[in-house]
Amino acid sequence: MSVQTYLVAYNVLQILGWSAILVKTVLGLANGLTWPQLYESVEFELKIFQTAAILEVIHAIVGLVRSPVGTTAMQVTSRVVLVWPILHLCSTARFSIGVPLLLVAWSVTEVIRYSFYALSVLKQPIPYFLLYLRYTLFYVLYPMGVSGELLTLFASLNEVDEKKILTLEMPNRLNMGISFWWVLIIAALSYIPGFPQLYFYMIGQRKKILGGGSKKKQ
């Protein structure tokens, strides 16, 4: 299998997976599911396709794609932590309004992003509407996603603290302690410099790519 075939297959599978999550999320919201019920309706697909994104870090490391390793690793790690240590282990997190916010933001973003990547790998022209969506919807989707992630994270803190989830207390053979509660607090604080930097970067990219929008459409 060629690298191109592999990358196309990966991106197409991600498009299908996140499309399924998006459809289930919209239907769940339309049918008035509670936030825990909404999460349960997409839990299987969410765990599979978000965990599969770890491959993107490997793609960047071995040079299959030109994505920066550090940025890719941080973005993937933050989501994987939300899916597994937080939403999987902390039932209270599923009651947060952050759940529908992050599900909508993630799924719409990923369907657009992977469609963009698939066409890029195939060296096909990117339709203007796809460029427009990719470099416009982030104005709403990024704040929505970050809000959803933080609200879900905050909703898990009490349970993490009470149950000592993923926490290593002293004394122990390693003679060291690790508090997952503090790990989450530090992760939340990292959004303060991280979000504005990424947000304004995307604004710059939008001006660069869509600045001559009328010419591109022609």
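In case you wondered, yes, glycine gets a Cβ from its N, Cα and C as well.
Taken from Swiss-Prot, the feature transmembrane segment covers 15-35 (among others), and the record attributes it to sequence analysis.
Swiss-Prot lists 44-64 (among others) with the feature transmembrane segment, giving sequence analysis as the kind of evidence. Beyond the transmembrane segment (44-64), the same-chain residues lying 6 or more positions past its ends with a Cβ under 8 Å from any Cβ of the stretch are 3, 6-7, 10, 13-14, 17-18, 20-21, 24, 72-73, 76, 79-80, 83-84, 88, 103, 106, 110.
Sequence annotations record features per position, and here Swiss-Prot assigns transmembrane segment to 86-106 (among others) based on sequence analysis.
The feature transmembrane segment is assigned by Swiss-Prot to 137-157 (among others).
Sequence-distant contacts of Tyr142 (active site), defined as residues of its own chain at least six apart whose C-beta falls under 8 angstroms from its C-beta, comprise Ala105, Phe195, Leu198, Tyr199, Met202. The active site annotation in Swiss-Prot covers Tyr142 (among others).
Residues or ranges marked as active site by Swiss-Prot: Glu149 (among others). The Cβ neighbour count for Glu149 (active site), using a 10 Å radius over every protein chain in view, is 24.
Listed by sequence, the residues of this chain that lie at least six past the ends of the transmembrane segment (176-196) yet keep a Cβ under 8 A from its Cβ atoms are 74, 78, 81, 85-86, 142, 146, 149-150, 153-154, 156-157, 160-161, 164-170. According to Swiss-Prot, the transmembrane segment annotation covers 176-196 (among others), on the basis of sequence analysis.
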### For Glu149 (active site), the three-state class that DSSP assigns
helix
### Distal contacts, the transmembrane segment (15-35) - CB-CB under 8 A, six or more residues away
41-42, 45-46, 48-49, 52, 94-97, 99-100, 103-104, 106-108, 110-111, 114-115, 118
